[in-house]
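K.L.:
I have a structure I would like to understand better, so I am pasting it below and will then ask my questions one at a time.
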Amino acid sequence: MRLSRLVWFDICYQWRHRYYLVYLIVCSVYVGILHAIPDSYAEHVLVLLTFSDPSALGLLLAGNILLLERDQGIWNALFSTPLRAWEYLASKCLSLGFLSMLAAFAIHLPVNGLPKSPFAFVLGIALTSFFFTLLGMAAALNSRSINGFLIRSQLYALPFTLPILGYLNVAHIPFDRLLPSKGSLILISGSARPPVPAEAGYSFAILTLWIIGAGIITLSLLIANTRQREDRHGSEQI
């Protein structure tokens, strides 16, 4: 119950700051681009745009929101309640995952209709958004300014773009199946054709493992960060 209220609070916060309007404009531009390119390239471009949208949304928006809330003192109010750190992270993942899902379908439906494998498509969008949201928050928790966050987030995300080279047949990356973005591309490609069960199972497993790892790291960073702020606040009062 507490988590559902927090998710709703986050969605309203994102709405007030016009993130939904921004993504409506971005999705409209994407749809225009997809209608303009030749059909022979449309499938690959659609998959890449659909992949990049929850990735960028989770990575950049999550970190930006976290920094805003920290600097505006919202943390002081939130963490003075019984709210747990994992609930804070889960709420960000779920609220931004919801926005990512809306954006993905807003891009896909006008161009290609319903995905051929809706379950794989939805799973790919959700898990991709969760992972990059956690990655963005980890980058923000290690940053003191928005400029530092932007640099750090790109460095964190860079290795996870390597499977795109294999997807486009530009280069063979021997270890790309160890990266979660490989699983993301397989599941999101369910928009055009259903993945074979073994590939879908691998994609779910690799994304889940990385989400768990990113969640543990981000949770430890969040707890350490809030404790430092509490100690600093306590010393200032003394």
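Heads up, residue numbers simply count up from 1 along the chain you see.
Yeah, the Cβs are placed from backbone N, Cα and C, and that goes for glycine too.
The transmembrane segment annotation in TrEMBL covers 20-38, 44-68, 89-107, 119-143, 155-175, 202-224.
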K.L.:
Taking the transmembrane segment (44-68) as reference, which of 20-38, 119-143, 155-175 has the most Cβ pairs under 8 angstroms?
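P.N.:
Going through each listed stretch, the top one turns out to be 119-143.
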K.L.:
Residue list, the transmembrane segment (202-224) vs rest of chain: Cβ under 8 Å, 6 or more residues beyond ends.
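P.N.:
Long-range Cβ neighbours of the transmembrane segment (202-224): 85-86, 88-89, 123-124, 127-128, 130-131, 134-135, 137-138, 141-142, 177-180, 182-184, 186-187, 195.
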